[in-house]
Amino acid sequence: MERIMLKSKIHRATITGADLEYEGSITIDRDLMDAADIVSYEKVAVWDVTNGSRLETYAIEGERGSGVICLNGAAARLVAPKDVVIIASFVNMSNQAAIKHEPKLVFVDGKNRMLPTRAEEAGQARVRCVH
């Protein structure tokens with residue numbers, strides 16, 4: 001059996017542009033792509049935290065160190081500059097490999113600069129639920 005697992009994500013990146021006239025894709029700062037192990041033309045999911053939209057596209061390389069996160073083509077209609085997004089990539093792997101798998105998590109600040117690596121917190125760990 002194979003499972004589809006989160007390979008990596010860039011968490012809470014800020015959209016820097018939306019170019020409707022470009023042919024498609026999402027332009028991502030090359031440093032962020034490297035940190036998240038995303039290569040050019042790799043399929044990625046983009047989840048807009050600001051407005052709830054979700055889409056799939058492919059990544060293309062942006063200028064290293066620029067902080068660029070720009071949705072291109074039709075997807076540009078689903079986001080706006082300053083929206084906060086999560087960019088995720090996935091991988092197929094065996095059940096045995098999935099049990100040991102650790103995704104690469106890249107956390108960024110409001111200018112898309114990398115923050116120190118840390119473990120991801122479950123949502124319930126951040127908010128106390130009252131029954």
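Placed from the backbone N, Cα and C atoms, the Cβ positions cover glycine too.
Note that the coordinates shown come from a computational prediction; the quantities given were computed from them, not determined experimentally.
The active site, schiff-base intermediate with substrate annotation in Swiss-Prot covers S25 and is backed by sequence analysis. The annotation pyruvic acid (Ser) is assigned in Swiss-Prot to S25. The annotation substrate binding site is assigned in Swiss-Prot to T57, G73, A74, A75 on the grounds of sequence analysis. Under the heading active site, proton donor, Swiss-Prot lists Y58.
All protein chains considered, the CB of A75 (substrate binding site) has 20 other CB atoms within 10 Å.
Largest CA to CA distance in the substrate binding set (T57, G73, A74, A75): 10 Å, whole number. The closest partner of Y58 (active site, proton donor) among the recorded positions, by CA position, is S25; the full candidate set was S25, G73, A74, A75. The Cβ centroid of T57, G73, A74, A75 marks the substrate site; residues of that chain outside this set whose Cβ lies within 8 Å of it are G24, S25, I26, L55, L71, N72, A76, L78, given in sequence order. For the pair formed by the residue listed as 'active site, schiff-base intermediate with substrate' and T57 (substrate binding site), distance between Cα atoms is given as 5 Å, rounded to the nearest Å.
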